[in-house]
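Undergrad: What follows is a single structure, and I will ask about it in a moment.
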Amino acid sequence: MVCLSNINHVDCQLTTNFYATTCPNVLTVVRKEVFRALRNEMRMAASLLRLHFHDCFVDGCDGSILLDGSNGEKFAAPNLNSARGFDVVDTIKTAVENACSGVVSCADILAIAARDAVLLSGGPTWQVLLGRRDGLAANQTGANNLPSPFDSIDQIVRKFTVVGLGVKDVASLSGAHTIGLARCALFSNRLFNFSGTGSPDPILDASMVSNLQSLCPTSGDGNATTALDVNSTNLFDNHYFNNLLNNKGLLSSDQGLFSSTTSSVASTTKSLVQSYSQNGTLFFADFVSSMISMGNISPLTGSNGEVRKNCRVVN
């Protein structure tokens, strides 16, 4: 870790070689466990990636989403019956502790696992900046304000701006929806009575509407799932953006990147969607840049926080 001192504060920056001497095999250990988890269930790639995202957006990347307890972030509305992969993180943490006890934070494990999940799904790789420490408390109120599929594009952009990210980050990180599943509860508002019209969302592809109405009847519990990226469920690629061009974005917030007419950044997000749909290399490059930026949101470093021995509880 590099610490830069001035009169007012000491700024410790994350580094790629933080564990080079204290836990030199950490990357290999995490990769092995993520590989095992994906071999068991490919959906876990999206789940691990989402844990890192939902962690970083609430008080920074501090592993707070992993803490148990009724007042924890796990029980906030965006995570309840939705966030998953905690058992896989436990398995990774156990393997890392066996390699070097008390050294690697749960926050860093989430960051490494997210990178490996993307790579092992066919996506890009990058050097993960490390040196985060674990937070001492969860913030359920903050987690209840995570970017939501029900938010307008402008609302999502504002939530990204608060944590130091921009419009390009909104578009590129939304591309993470190239893998994973979503529950009916997150998009059924588009299927029957969109915005009180008594009809489906007119933007949503008609054949998708028909299929999704069968999957998600009004009498259902909202927990049935379908692919976020139709016809490319488990492969991390730019196909998601092609879906948006064809009105096949599953979530309102996805399709809004291309189709919104009210967003103040509509021309920018539409242009990015078009560019990414045509150029997977550009999408990968911007996604990597955004992931690194997101991983840098307010990390605890130096003597702040702690290195948890069990990711579910503070020491």
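Just so you know, glycine gets a Cβ as well, placed from its N, Cα and C.
Sharing the record's features from TrEMBL:
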- H54: active site, proton acceptor (ACT_SITE)
- D55, V58, G60, D62, S64, E73: Ca(2+) 1 binding site (BINDING)
- P147: substrate binding site (BINDING)
- H177: heme b binding site (BINDING)
- T178, D229, D237: Ca(2+) 2 binding site (BINDING)
- 13-315: domain 'Plant heme peroxidase family profile' (DOMAIN)
- R50: site 'Transition state stabilizer' (SITE)
Undergrad: Between the Cα atoms of T178 (Ca(2+) 2 binding site) and the residue listed as 'active site, proton acceptor', what distance do you get, rounded to the nearest Å?
TA: 17
Undergrad: Out of G60, P147, H177, D229, D237, point to the one nearest R50 (site 'Transition state stabilizer') in space (Cα versus Cα); all of them are binding-site residues in the record.
TA: H177
Undergrad: Starting from the Cβ centroid of T178, D229, D237, which together make up the recorded Ca(2+) 2 site, report each further residue of the same chain whose Cβ lies within 8 Å of that point, ordered by sequence.
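TA: The answer, listed by sequence position, is G175, H177, I179, S232, L235, F236, N238, H239, Y240.
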Undergrad: Using an 8 Å cut-off from the Cβ centroid of D55, V58, G60, D62, S64, E73, can you name the remaining same-chain residues around the Ca(2+) 1 site, in sequence order?
TA: H54, C56, F57, D59, C61, G63, I65, A107, G135, A138, N139, G142, A143
Undergrad: Among the binding-site residues V58, S64, E73, which ones place their C-alpha within 10 angstroms of the C-alpha of D229 (Ca(2+) 2 binding site)?
TA: none
Undergrad: Which binding-site residues from the set E73, P147, H177, D237 come within 10 angstroms of H54 (active site, proton acceptor), judged by C-alpha positions?
TA: E73, P147
Undergrad: Where's the emptiest Cβ shell within 10 Å among the binding-site residues D62, E73, D229, D237?
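TA: D237, out of the binding-site residues D62, E73, D229, D237, has the fewest neighbouring Cβ atoms within 10 Å.
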Undergrad: Count the Cβ atoms, other than its own, that fall within 10 Å of the Cβ of V58 (Ca(2+) 1 binding site), considering every protein chain shown.
TA: 27
Undergrad: At the Cα level, what's the spacing in Å between G60 (Ca(2+) 1 binding site) and D237 (Ca(2+) 2 binding site), rounded?
TA: 27
Undergrad: As a test of reading the model: what is the averaged pLDDT for the domain 'Plant heme peroxidase family profile' (13-315)?
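TA: Averaged over the domain 'Plant heme peroxidase family profile' (13-315), per-residue pLDDT gives 97.
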Undergrad: Are there residues of the same chain, six or more positions away from P147 (substrate binding site), whose CB falls under 8 angstroms from its CB, and which are they?
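TA: Listed in sequence order, they are F57, Q155, I156, K159, F160, S253.
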Undergrad: Take the C-alpha atoms of D62 (Ca(2+) 1 binding site) and H177 (heme b binding site) and report the distance between them in angstrom, rounded.
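TA: Their Cα atoms are separated by 23 Å.
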Undergrad: Once the chains shown are all counted, how many other Cβ atoms turn up within 10 Å of the Cβ of G60 (Ca(2+) 1 binding site)?
TA: 20
Undergrad: Work through the binding-site residues one by one (D55, V58, D237) and name whichever has its CA nearest to the CA of the residue listed as 'heme b binding site'.
TA: D237
